[in-house]
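Peer 1: Dumping the structure here so I can ask a few things about it.
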Amino acid sequence: MAEVIQNSFLFLHRHGTAEVHRNHHLPQFTHALGKLSVREGENFHGTGIHGVEDNNLTPSCLNEQFRLAWKTPVSISFETLLDKAFEGDLRHTLQQVIHLAHEGVQIPSDVLAQLLQLCIERHDLLSGRYIQHIVKACDLNSDAFLGSHLIRMFAAFGCLGEAMEVFKSISLPNVYTWNSIISAHVDMGHFEKAVSLYMVMRESGVDPDGHIFVSVLKAYIGIGKLDQSLWVHLDIIKYGFETEIFVCSTLIDMYTKCGDLEKACQIFSKLPEQNVVTWSVLINAHSIHGYSDKALELFECMQSGGIEPNPFTCTSVLKACLHVEDVMRTHAHIVGHGLESNNFVSSSLVHMYAKCGSFGEAHVMFERLHEQGLLAWSALITNLCHCGHDHAALNVFTDMQCEGIEVNLAIYSCILKSCAELRAFREGFLIHSSLIENNIQLDAYAGSSLINMYSKCGDLRSAIAVFQSLPQQNVVTWSALISGFLQHGFTEEGFECFQQMKQQGVEPNEFTLVSILKACSDLSMLEEGRQIHVALIECGFEQDTFVSNAIIDLYVHCNQFEDACNVFNKLFKRDVVSWSTLMGGSIEHERGEMALQLYSEMLLDGVEPSMITFVTLLRACSSIAALDHGRHLHAQIVLYGLSVDVYISSALIDMYSRCSCLEDSHMVFHRLSKYDTGIWSAMITAYAQHSDYRMAFQYLNMMQRSGLEPDSVTFLCILSACSHSGLVQEGLQHLKAMRDTHHLLPNLEHFNSVVDLLGSSNLLDEARDLLETLPVGANIVGWISLLSSCKKHVNLDIGRECFDHIVTLDGGNVTCYVFMADIYRAHGMQQHAEEIEELRRISNGWKKPGRAFIEVNKEVHRFVVGDRQHPQSEAIYDKLKVLKAQMKSEETEMLVRSDIDQVSQNTEDQLCGHCEKLAVAFGLLHTPQGTTIRVSKNLRMCSFCHMDVKFISKAEKRDIIIVDGCLVHHFQDGICKCNMYDT
């Protein structure tokens, strides 16, 4: 309070000197002082003015000061008192103020107003309240001018209630008073009340000024209702403020923030003078709304008009920069205008360089900053995290802590995300400990980041503990916990958590529902997924691209491809994920040619392919042996600068391998500068598919010499190579080395590969014993593999045993019925074969149809068994009949280890229509003599077709390559390099 009294009268000097004398105001003034609380008096005594202690200035000694001052008139210079106040020498000034107050000097209103401004600047609410007492004591509480400044002072300290009390005490508020109270409500976020006060003011007959219009426009910006603000715009026109720069700047800002950029541009164009403020507002609006090119264009126009940009202009235009080249051009302008030294501008440059992925430039700008504040550190860390440079983000975060910069919750949340991606449990735990030690209360975003970190690091217990410790659980934190359960395969717990969330009244958002959809997709839970799909439509998410992509993925994985296409076709805005997901679904449903067609449509739609898109398309080419399409994609990959990516290179190696172009696979591999286990495994698989165990094993040795250890996928490739080459001992040695030398536990796929290896080598008893000793009971793949080997080696007893196992596991599996019937026929047991066929019909067994693909003149043609739909069907079947006649005339056997008489005429006709032979015949008819024919098939090639194609390759003098689900068969001059049916 001492500061209030002293500061009150220092400004009086601006009105000259005053003769102090007693008058009638003294009793009223001392009565006002008496209202001060004891606590305020203690503050007055203990602190003096800004920390200057004065043990004599207490409420109990004020009357003594008055008594001493009463004896002699005082002549005082207000300028001297003012100077002392600004210099901080308030003790003597306060004594003089007490003398003046005691003698009842009338204080001019503008002096008290300046005192109130000084309270705001010095953040001294207590002194401001003391001045209010002086105002009341001097009977000035109804003065509109002083009331306006009191309102401003209380609003500056967030005391809106006290500001309203002052406003209500003013009998005739003027335009300044109204502006003070309206702007106070706007500053405090009470936008509706501010508009209401404006309406009351208009009804009271007070005409608004430009400042009031600015405040009311800001209120409507806060409300966000453009339609309700139009009448304010009409008032601005009515009162002639439509050409006032400061009013129109706010008007432009209001229209842009409400989304009406066209109206904002109209107002801007009508201004008699366009200054840096109006230009900056318009540029910022276009940047925020995504019109980057227009924002950059406006920036150029502004400079062409001779307007110098300010720091706000620079940060606004930087937000519009989408590419590093744009940032560099803007940076050059900033340097030219001498604004690079502005810390706020330089921090924005750090942010934009980092956001555009140019972290080298960002680091240079960061080092140039004369003050590396929180904004610059945050810009580096957040952009490193968002771009996936998680190790670098952690390093910068460590440097930030070493510099003693206080970390905010947003940076903690971001760095926790990096810890989650790196599975950096220790670093994440230390950050959590730091949050606890500093008593930082977690918000929803930070809490979800912490839950996600613990979940991805495998500590679900801690994730649950964090969730339970949060003061409030919202949809973000629930979604993080649900995702954590699902990531670790706890699907039931995830669904239970989802139900609990809904029971507690928390509505799921699109991220929650997408997580649940992903679980449904992984577990093929079609009905549950359909229910969520319906719920998403009801919630209005049908056209949400992110959500629709998850629904497409669900239907693809649940074998409902037509439903996936329907969702895709109804989607207005398709992104690269939408297209890539449907392409992947096309391949899974054996429609590789459709994936290539979708790619053409995607490009026409203006969507740029991603790395995942190219990998998916290469898989499509592999599935249909579309070499020309594959080469075209390879060229595009080079143009996009992705040819050195090991993930894409693995897909290229596989594509060339399955098109029987091992030289190209070799070229792709050896052009890489970096190799990982996946790329080595791709080369091993390529040679395994071509039954070249020697080269597959050579690449394994090369890989180990390079310092890389084989993983479980690598061993699966090696075992596959051994199986195709019939190398039993080598295969068993690799299985043993996998466990004993490399400490890798073989999984079901490895054991099934060994079963195939043993069965192919006619070690059927050993293969059966292995299957029976495996801990996994429902191994239908292994038993079908062994049954296939029994068919090859015509073993009835073990074959029947396999058949019984398979029927027990899956009675509708048609493959086992076909194989078993073939074994009975091979033994001349036709009746038993017919009984098996009858069992198949009863079980409603459905055989997966064989499909073959051939690429001719860059067009992919598709054939199914017995296909008569192709436009060239008649010519194709005529060609096959000619070839069949040639075989008979040369007494070529159609079956290996079977007699031709065992095959009925009907069966013989069916064999003639097998899809791969239809594709081969089409290739013979539509490709030049001597060119290689490439055919892809979805199923394993049967022995009938294998023998026939060997004959065709010799008779037609063609190299014929048929890629099936197991091997690459290269037929040349009547011989196949696979040796599959030669034993």
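Backbone N, Cα and C atoms are what each Cβ position is placed from, and that goes for glycine too.
Straight from TrEMBL, here's the annotation block:
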- 174-208: repeat 'PPR' (REPEAT)
- 275-309: repeat 'PPR' (REPEAT)
- 342-376: repeat 'PPR' (REPEAT)
- 474-508: repeat 'PPR' (REPEAT)
- 575-609: repeat 'PPR' (REPEAT)
- 676-710: repeat 'PPR' (REPEAT)
- 904-980: domain 'DYW' (DOMAIN)
Peer 1: Summarise the domain 'DYW' (904-980) as counts of helix, strand and coil residues per DSSP.
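Peer 2: Computed counts for the domain 'DYW' (904-980) are 33 helix, 16 strand, 28 coil.
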Peer 1: DSSP-wise, what's the residue breakdown of the repeat 'PPR' (474-508) into helix, strand and coil?
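Peer 2: Helix, strand and coil residues of the repeat 'PPR' (474-508) number 26 helix, 0 strand, 9 coil.
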Peer 1: List, by number or range, the same-chain residues at least 6 past the repeat 'PPR' (174-208) whose CB is under 8 A from its CB atoms?
Peer 2: 144-145, 147-149, 151-152, 154-155, 158, 160, 163-164, 167, 215-216, 218-220, 222-223, 232, 235, 239
Peer 1: Checking distant contacts: for the repeat 'PPR' (474-508), what same-chain residues at least six beyond its ends satisfy Cβ-Cβ under 8 A?
Peer 2: 444-445, 447-449, 451-452, 454-456, 458, 460, 463-464, 467, 515-516, 518-519, 522-523, 528
Peer 1: Determine which residues of the chain contact the repeat 'PPR' (342-376) at the Cβ level, with the cut-off under 8 Å and only residues 6 or more beyond its ends counted.
Peer 2: 311, 314-315, 318-319, 321-324, 327-328, 331, 334, 383-384, 386-387, 389, 392, 403, 405-406, 408
Peer 1: Which value does the mean pLDDT take for the repeat 'PPR' (676-710) in this predicted structure?
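Peer 2: Overall, the repeat 'PPR' (676-710) comes to a mean pLDDT of 90.
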